[in-house]
Amino acid sequence: MSLFNVAKFGGTSVANFEAMSRCADIIENNPNTRLVVSSACSGVTNFLVELANGISDQAQRDQILKRLDEIHQAILNQLEDANETSVAVSHILETVSHLAEAASIQSNKKLTDHLVACGELMSTHIFAQVLRERGVKATRVDIRDVLRTDSQFGKAEPNLDQIKSLAQQHLIPMCQDFVVVTQGFIGCDEDGNTTTLGRGGSDYSAALIAEAVEAEGLEIWTDVPGIYTTDPRIAPKATPISEISFSEASEMANFGAKILHPSTLVPALRHDIPVFVGSSKEPEKGGTWIRHQVESSPLFRALALRCNQTMVTLRSVEMFHAYGFLAKVFEVLAKHKVSVDLITTSEVSVSLTLDQTDTSGGAPQLPEQARLELEKLCTVEIEHNLCLVALIGNNMSESKGYAKQVFSTLEDFNLRMICYGASPHNLCFLLHESVSKLAIQKLHQDLFEY
Ligand code: ADP
Ligand code: ASP
Ligand code: MG
């Protein structure tokens, strides 16, 4: 195992010059930090996604391009020697402009990835220069030379063996001499096309890189001092968790806690790399350690919320006491590459939620062809505007009585789907978006604030 540490900084952490300077302090304070993984400056990816989805009105496109220029220019203006960095950023903005025009004619996933990757490509040019101007021997590496993925644009899968060997060729030798600043979120397929790992993917990139270089630690620097009992923006009385197990934190990430991309902990767990989550604005406040072994395993650990859920309900009286119906349904779903997240069944119906969406955003959609084929088997009802609330904890399947407490807190809510018992680590349910935050607040109050 190498001695070095990988530090990832999210969008708000690199939002402007002051924020980048705070990150530079953090990097300088730990001489073992040799690899820095950065997101795009705050708000940039959202703008790029808008452009990638296709804006036909040129004035509207120009407005967004102007905002993108302003965000980066504001930081460049504070550099002592911005020349080369400015040129590099301008080139990327030109690419953005061309791709946005192409997307306005016809958008597609490959083009989207090429376009949205530009945010990280710009921020890292600037971040490396901020570090150099403070006297840090820093260099920028294009992670597309290392982070090899398949060609599933928008949610690409990493090729671990290739990443490891490319990291050994291109990253590790650099880290001997430099603090290497590189991009999160983006990768490259076999054919040289730019890919992305899905929204929020920089956490995952950092973990993949940490795994490939066998880092001793991974730090995720964000805008909150650690992982809380729930999103503190929803429940202001949420409290930070000082230590949490990989499995609890993975459940939280999978169930939508935005603080970590769902796949982040998979590489860290594989290589037993401890992960620290803290605030780049208030590093003195400490944060959360995610480890294999933890001292306490409470029954209730946290609440997570995942919105933009799509529920598909399939009804058929032929299902009653028959066999093979579900097999046929899943055959259709598999044929159309529809990934199912949750599922509940009754004698004559089955409800399922569709797995999360890719970089282009929005609720996952049941492909039209899949719907038509399912309609030959049963009636198909599709509902949007739903959110999934998950209560995460330990030994839940062996504990008596807690479900009563949960459901009495939620007695006034219309729960659309409940998944209970399949996992010892969670109880989750689907409800309408308009009441989901209230449900989190009430559950937090009753289960965590005493
Ligand atoms: P970054 O840009 O640094 O990756 P994100 O916005 O992706 O940051 O994630 C940080 C945000 O995650 C916080 O501001 C907070 O609103 C949200 N969040 C959701 N669940 C939690 C939780 N359990 N603990 C802390 N933050 C959470
Ligand atoms: N910039 C990307 C996003 O906003 C990736 C990330 O920040 O993790 O989704
Ligand atoms: Mg994030």
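Just so it is clear, glycine is given a Cβ too, placed from its N, Cα and C backbone atoms.
Pulled from TrEMBL:
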| type | residues | note |
| --- | --- | --- |
| BINDING | Lys8, Phe9, Gly10, Gly11, Thr222, Asp223, Tyr228, Arg233 | ATP binding site |
| BINDING | Thr45, Glu120 | substrate binding site |
| DOMAIN | 314-389 | domain 'ACT' |
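Each of the binding-site residues Phe9, Tyr228 was scored by the number of other CB atoms within 10 A of its CB, and the lowest score belongs to Tyr228. Counting other Cβ atoms within 10 Å of each Cβ, the binding-site residues Glu120, Asp223 show the lowest value at Asp223. Among the binding-site residues Lys8, Thr45, Thr222, residues whose Cβ is positioned under 6 Å from ligand 2 are identified as Thr45. The Cβ of Thr45 (substrate binding site) has 26 neighbouring Cβ atoms from other residues within 10 Å, across all protein chains displayed. Along the domain 'ACT' (314-389), the predicted structure has mean pLDDT 89.
In terms of DSSP secondary structure, the domain 'ACT' (314-389) contains 22 helix, 25 strand, 29 coil. As a whole number, the greatest separation of Cα atoms within the ATP-binding residue list Lys8, Phe9, Gly10, Gly11, Thr222, Asp223, Tyr228, Arg233 is 22 Å. Under 6 Å, Cβ to nearest atom of ligand 1: this is the test, and of the binding-site residues Lys8, Gly10, Gly11, Tyr228, Arg233 it is passed by Gly10, Gly11, Tyr228, Arg233. The Cβ of Lys8 (ATP binding site) has 27 other Cβ atoms within 10 Å, all protein chains considered. Screening the binding-site residues Lys8, Glu120, Tyr228 for a C-beta under 6 A from any atom of ligand 3 leaves none. Closest to Glu120 (substrate binding site) in space, going by CA atoms and restricting to the binding-site residues Lys8, Thr222, Tyr228, is Lys8.
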